[in-house]
Amino acid sequence: MQKLPAGRKRSYLMYTLTGLKLKNPTILAAGVLGTTGASLCRVAREGGAGAVVTKSIGPAPKTGHPNPSMIELDCGFLNAMGLPNPSYPGFLQELEFAKENSDAPVIASIFGGTPSEFAEVAEGLLPAKPDAFELNVSCPHAEGYGAAIGSNPCLVEAVTAAVKDVVNVPVWVKLTPNVADITCIGNAAESGGADAVVAINTVKGMAIDIESGYPVLGNRSGGLSGKAVKPVAVKCVYDLFTALEIPVIGVGGVSSWEDAVEMIMAGAAAVQVGSAVYDRVGIFSEIGKGIEAFLKRKGYSDIKKITGLAHEMV
């Protein structure tokens with residue numbers, strides 16, 4: 001291991017992802033504490049996240065689905081929020097606040113119904129100078145948006161290319177697991193010019209009240225997140241790491257440093273945390289410290305030494 005100058009502390013976790021400097025490989029996932037600039041800054045400063053992603057913002061104000069829109073299960077959460085948002089003009093001030101006050105990169109999550117709508121939203125948020133954009137082509141419970149686009153490789157490529165044409169910052173594409181072959185969608189994003197893919201969004205799910213017979217969610221069905229989806233996410237990351245040349249950011253069921261290391265060994269360049277933030281905002285620092293201790297104990301000089309390690313175990 002290379003020796004450092006006296007007084008300088010080795011950083012096991014700091015690295016660059018799609019040109020963005022992260023203090024650690026943990027990122028706040030879209031949709032959790034990303035509604036205001038203040039909450040994004042809190043996650044970055046108090047929580048210790050390496051980067052933060054906003055809630056998904058669209059071309060027009062949207063109220064979302066009726067309540068109940070989120071329920072807790074034994075194995076995670078089931079939600080059908082329906083992409084509620086104030087529109088990009090209504091969110092611009094919050095994004096500007098986050099950019100001015102966050103000590104970590106701020107990524108704007110956006111959605112639309114067509115490639116031109118995605119481009120419109122991206123252009124509309126550019127004055128706030130987000131560090132990157134994350135394209136939500138994977139929400140499973142918003143008709144005409146999200147997975148309705150993300151299950152079509154041609155549309156994914158077109159949406160990605162449309163946004164790349166109007167921005168000069170990295171573009172990440174968040175993928176849905178609710179397809180026959182996620183690598184096909186990942187390849188489409190890469191062909192469109194994506195700088196990274198994010199895998200995965202929630203898995204289609206449903207819960208029914210057996211006393212009444214009614215579906216529990218106001219939208220009847222929704223998306224499952226939390227611990228139950230981690231094996232699905234790990235497999236998707238593993239497959240995408242093999243199929244793509246661009247980085248894969250893992251998300252789905254990460255609630256400990258062990259989960260994060262597993263995702264990284266599958267091929268994730270970084271991990272996003274969503275559902276687990278409801279338990280404690282400081283989980284990002286906890287995961288970062290746990291990964292660093294693991295790297296030291298195992299004798300790895302930095303996190304890149306374990307990225308995709310599972311692929312070498314043949």
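Placed from the backbone N, Cα and C atoms, the Cβ positions cover glycine too.
From a predicted model like this one, the values you see are computed outputs, not experimental measurements.
According to DSSP, Ala80 (substrate binding site) sits in a coil region rather than a helix or strand. The Cβ of Ala80 (substrate binding site) has 28 neighbouring Cβ atoms from other residues within 10 Å, across all protein chains displayed. Taken from Swiss-Prot, the feature substrate binding site covers Lys55, Asn79, Ala80, Met81, Gly82, Leu83, Asn136, Asn201, Thr202, and the record attributes it to similarity to another entry.
Counting every protein chain shown, 26 other Cβ atoms lie within 10 Å of the Cβ of Gly274 (FMN binding site). Residues or ranges marked as FMN binding site by Swiss-Prot on the basis of similarity to another entry: Lys55, Ser56, Asn136, Lys174, Ile200, Gly226, Gly252, Gly253, Gly274, Ser275.
Just so you know, the Cβ of Cys139 (active site, nucleophile) picks up 26 other Cβ atoms within 10 Å once every protein chain is counted. Taken from Swiss-Prot, the feature active site, nucleophile applies to Cys139.
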Nearest by Cα to Gly274 (FMN binding site), of the binding-site residues Lys55, Ala80, Gly82, Asn136, is Lys55
As a whole number of Å, the Cα atom of Gly82 (substrate binding site) is distant from the Cα atom of Gly252 (FMN binding site) by 19
By Cα geometry, the one of the recorded positions (Cys139, Ile200, Gly252) nearest Ala80 (substrate binding site) is Cys139
A correct count of other C-beta atoms within 10 Å of the C-beta of Gly252 (FMN binding site) gives 33
